[in-house]
Amino acid sequence: MESGSGLLVRRIREGTVIDHIPAGRALTVLKILGITGREGARIAVVMNVESRKLGRKDIVKIEGRHLSPEEVDKIALVAPRATINIIHDYRVVAKRRVTVPDIVEGILMCPNPSCITRVGREPVKPRFRVVSRQPLVLQCVYCGTLVSEEDVAEQLAEGG
């Protein structure tokens with residue numbers, strides 16, 4: 001990425017670039033990926049840069065790592081318009097938009113304290129269906145409670 005005075009962040013040789021993250025959500029993406037900065041891998045986080053599509057956006061570059069499908073699904077919940085770029089020898093060899101899965105299971109907790117998934121006696125995984133993708137709204141299949149994109153991002157940022 002370039003600015004009027006040159007590159008803001010160096011290109012990476014091998015790894016993953018997550019682009020078009022909503023402004024302010026890059027740190028949540030790092031949390032989802034379990035990245036603390038102590039792993040030794042080179043990580044670049046750019047926040048609140050100009051974007052034609054989003055107005056402002058965040059970008060995360062991770063050298064030497066590719067994402068699992070489960071990680072991509074989680075990222076889609078907090079950044080539904082993100083793109084995942086796979087980098088090999090400084091070049092983008094694959095580019096893919098994330099897609100919010102139709103069913104989200106075992107990732108989030110239902111916020112309803114009376115939901116069967118919250119009662120300790122029942123070993124039921126929380127399960128949500130997508131009601132809306134833009135803006136993201138999920139609905140618990142057991143109790144019908146609606147969960148907004150902001151609530152999802154908050155849960156995932158807390159490690160939930």
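Cβ from N, Cα, C; glycine included.
Mapped onto three states, the DSSP output places CYS143 (Zn(2+) binding site) in coil. For CYS143 (Zn(2+) binding site), the Cβ neighbour count at a 10 Å cut-off comes to 14, with all displayed protein chains included. Marked as Zn(2+) binding site by Swiss-Prot on the basis of sequence analysis: CYS110, CYS115, CYS140, CYS143.
Taking a C-beta cut-off of under 8 Å and a sequence gap of six or more, CYS140 (Zn(2+) binding site) has these contacts in its own chain: CYS110, ASN112, CYS115, THR117, PRO126, ARG127, PHE128, VAL147.
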